[in-house]
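TrEMBL lists B:245-493 with the feature domain 'Aminoacyl-transfer RNA synthetases class-II family profile'. According to TrEMBL, the L-phenylalanine binding site annotation covers B:THR342, B:GLN385, B:ILE386, B:GLU387, B:TYR425, B:PHE451. According to TrEMBL, the Mg(2+) binding site annotation covers B:GLU427.
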Amino acid sequence: MPVVDVDPDELRQLASTERDDEELKRDLFDLGLEFEGETEDGEFQLEFAPDRLDRLSVEGVARSLRYQDGTDRGVYVPKTNDAEWVIEVDESVPDERPYVTGAIVRGLDMSQTKLDSLIQLQEKLHATMGRQRVKGAIGIHDLTMLKGSAERSSADRSSGQGPRDNAAREGAGKAISYRGITPDADTFVALDSDAELTPGEVLTDHPTGEQYADIVEEYERYPAIYDDIGLFSFPPVINGRRTEVDDESRDLFIELTGTDQWTIDKMCTILCYALDARGGRVEEVRVEYPEGHPSEQRDLLRPDLDVDEKTVTHARVEQLLGVELDESDVVDYLERAGLDAEPLERDGEPAYRVGIPPYRVDVLNPVDVVDDVGRAHGFNELSPRYPDVSTVGGRHETARLESAARDALVGSGFEDMLDFHMTSERDCFDRMGLDIPDELAPDAPLGQRPPVTIAEPYSEDYTVVRTWALPSLLTVLENNTHRAYPQNLAEIGLAAHVDEREETKAAERRTVAAVLARTDAGYEDAKARLQALAGAFGKALETPATTHPSFIEGRTAAVELDGERVGVVGEVHPRVLVEHDLELPVAAFEFDLSALE
Amino acid sequence: MQLPAAQVAVLEAASATDDRTVDAVASEVGESPTVVTRAAFELRDEGLLEVTEQVDESVSLTEEGETYREDGLPEVRLYRAAMDAGADEEAVEMGQLVGASGLAGPEVQIALSNFARKGYGHIDGGAVSADADAAPDTDEEATALDAIAAGDAETVDEDTLDALERRNLVVREERTVRSLLLTDAGVDAMMEGVNVAETVAQVTPELLTSGEWADVEFTEYNVEADAEAVTPARKHVLRQTADRVKDVLVGMGFQEMEGPHVDAEFWINDCLFMPQDHPARTHWDQFVLSNPSKMDDDDMPSELVDRVARAHREGVGEDGDGYHSPWTEDVARGLDLRGHTTSLSMRYLSGHAEGELEPPQRWFSVEKVYRNDTLDATHLLEFFQIEGWVMAEDLSVRDLMGTFTEFYEQFGITGIEFKPHYNPYTEPSFELFGRHPVTDELIEIGNSGIFRPEVLEPLGVDCEVMAWGLALERLAMLVTGAEDIRDLHGTLADLDFLRNAEVIY
């Protein structure tokens, strides 16, 4: 879950409140922001669920507090100035990363604290909505360092290297260009660097470049942003040093590139709300896509501050929350959640047209509006009631069989085990003397089946799902040689193997496995108990001689229940015993639980 | 008269004229004093023997007392050293006397405090002056130590004994001495003749069939002695907890679900309205399989797939929005070890497991789920998830709260708090917190909510469904007090822990 670091004094100031630290923590908890601890500088570390990404900065948290307090009500949309700048998207833009958006914020009275907060918000947005910059990446620049020509020549446009000529377009005077270039087509000085590097060199020679190289290294053309002076940003990897923002910057140019327009627009909106709360003046930026671009619209005015609407009926609110509410209360709760609410009638029933502020990314359906009403009302104010609905309960048939077989095993003196279904090829096959087959062979010894295999396991001890359970029991014996004997252990649990004929391409079964470990354990002890178990379930047991690599030849039999071959019984081979550091004989059996049905 | 062997022996050893102690009788008959005492009391109850009790006090020297008896009391040694140094005329520095007297460690303090108490002299500013008239040779405490060592404790007066006891130089112990004397009835019985009754060690088939059992006495056992340790065969403690949970749920009207551990991401994630680029859908969090890797196209429920895809892309309902994330069927066909048993709930709700379900319904499972995580004391790669859901018309948040309050109360967890939360698949959603039954701490005990329309509508469900999940191991750790989850589950299990775990019922 996301964590945001917030200076409590800054929060108090932005939220216009004088609460002490403890009151703050309590009220933040009610908002869903859990106090996790403090940073070295005394900032609160607040953890919250990843739905309210508009709270990824102190400004967003303060906004939520203001609504909770009733200091603010309803939807607020920042005023914007008309666009002066254009982001022109060139036809060469990388196919993998075609979208761009942006905004300008002027008149910021920057300070180190504000800058830190902005950088944190940028990083948190990258980590969440931006999916580690893959889906969306933010670049923030000092506007005064950018040069966009008011008069652009058509020569530039035809060369494909410079900004396009759109002097004809009204109100748009200055432009930057988003395009794709080959990895070594140009050079620039990246942040935290002194060297002129090509984008290709940045990926190998710059620490930030190395970190994000895997996003773009497969691209044919790398994303690049140009102004009149030249290349100044290499999204999503790194900005150039020329436009670096510091604590004296007043006017910012924000650009975002990504794989989805909506996502980068929302990230941009959240940034603009945060900077608006800091006294900045948002100015629109025009985005122009070329012919043939996948974007649904050719021209966009950004940031997107449109207020979305959802309609929810009063009955739906009451039904989901299970309480009767006055319409005026519902309106009040909605406004205190930062939403607009306009009562209306739908199909003759009272309903609300609810306005959703543009920074909210989590409201997909009217049900999300009901949740906001519930939170504003206080869910813990609702009294629990047991639903007046009658149903008949019961266990699954397979589960009943498993349970009965387990009782019978415990009754014959076995300690019931519960082992992991995941194991390693080494434990499941190698140490048992089995081969690891690629294909399913009908006459293969029990356990010797192609295992269900994990693609990228963390641990080499857990790489496959076990094909049989006997290896698990031998591992328990191995780990408990210092404990009192006899150790008669049994387990009923899952085993599986790859089988293309199954819906999920894995055949899953419940397997019954047992071991008898004591100084005089022998074949007969295992067969005697197997016989008792079969008898208890009314099954006829036959044990024709067979061979199995894990057992001693001449002391191994197939388990046949009602004529069907379902498992193996015998004395475990000394080679396997020694491999498991066991110094006494072990008799064992394993068979399919379904044979007892 | 027939009596058990021990009683006969005691009667024969006892005298009608002289008290004989239990110890004396015991050594004569070759039995332990315990056996003789028990036999004596039984004979007394028969009126054959008189038992008198006398409390003896014994005094003995402690180790420290013995040392002082040999080396002299520290204060006496200090006095002698002081006199040798001429302290009766002029005060002598303490340091000098300590060296001369050979006192060491705590003995110095002991010497100083008793020196003044006994009037051997004065200590002033670290200098010692001795009283020439003192008589350490007749020091009562020193004399008493000698007397006690010689076994003449009775010659020592009570005050001196108290003083020595306070100084921890002697211990006084009380001991009851029992003496036996034959009564007249005892003498009569002896005159008439007392025989040893025959006792039988084992109940045998012959004894029972012959009827002989009626005439024999059975040898008494020491019923309090320790018995041999036996390892009982028993159900695994986590299974017991699972059984308890299942009993509770069946009692609340829930039916049990079953289904595959290896399943398509479609059932595990897509039906749950988890966007395909959700961070939890990377191989870092879930067990993606390399073999088998994808479900066949033919095995995918194509109509349902279309409806789910539409929910992801466009949302559900007039005002609904979808995700702005890519969605492909190829990703949905990918096979994983299930990360939750909600995949089963999806199979049941869609009608693929049991056919179409009409409300009301309650279903549960307590089964294994898999998470690609690091194994430690509180995390396992595979654990049991308790999953449950209720389908009914017009369910509200209050019904959800009522159901879970009832469930947790069965395990002694009360005062449930519902913290609003976010899940991609439920809205509203709640994290459940409860009070630890022992420590009273507020702890997270589950996650719950009402399924979103984007989940239910594609499944063809047009009423409400509320669901919740929690880890069985978490509940088991609460109920058993186990601190390391690895003891509870898996091949790293310690048999001793399982053998000694308390039964759950």
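Glycine is no exception: its Cβ is also placed from the backbone N, Cα and C atoms.
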Cβ contacts of B:PHE451 (L-phenylalanine binding site) (under 8 Å, same chain, 6 or more positions away): B:TRP389, B:TYR425, B:THR426, B:VAL461, B:GLU464, B:VAL465, B:MET466, B:ALA467
Extent of the L-phenylalanine binding site in Å [max Cα distance among B:THR342, B:GLN385, B:ILE386, B:GLU387, B:TYR425, B:PHE451]: 18
Site of maximum Cβ density within 10 Å, from binding-site residues B:THR342, B:GLN385: B:THR342
Against chain A, in sequence order - binding-site residues B:GLN385, B:ILE386, B:GLU387, B:GLU427, B:PHE451 with Cβ under 8 Å: B:GLU427
Lowest local Cβ density among B:GLU387, B:GLU427, which the record lists as binding-site residues, within 10 Å: B:GLU387
In the chain carrying B:ILE386 (L-phenylalanine binding site), residues 6 or more apart in sequence that have Cβ under 8 angstroms from it: B:VAL245, B:PHE364, B:SER365, B:VAL366, B:GLY446, B:GLY469, B:LEU470, B:ALA471, B:LEU472, B:LEU475
Pairwise Cα distance for B:THR342 (L-phenylalanine binding site)/the residue listed as 'Mg(2+) binding site' [Å, integer]: 16
Cβ neighbour count (within 10 Å, all chains shown) around B:TYR425 (L-phenylalanine binding site): 21
Local backbone state of B:TYR425 (L-phenylalanine binding site), from DSSP in three classes: coil
Overall pLDDT of the domain 'Aminoacyl-transfer RNA synthetases class-II family profile' (B:245-493), taken as the mean: 91
Alpha-carbon spacing, B:GLU427 (Mg(2+) binding site) to B:GLN385 (L-phenylalanine binding site), which is rounded to whole Å: 21
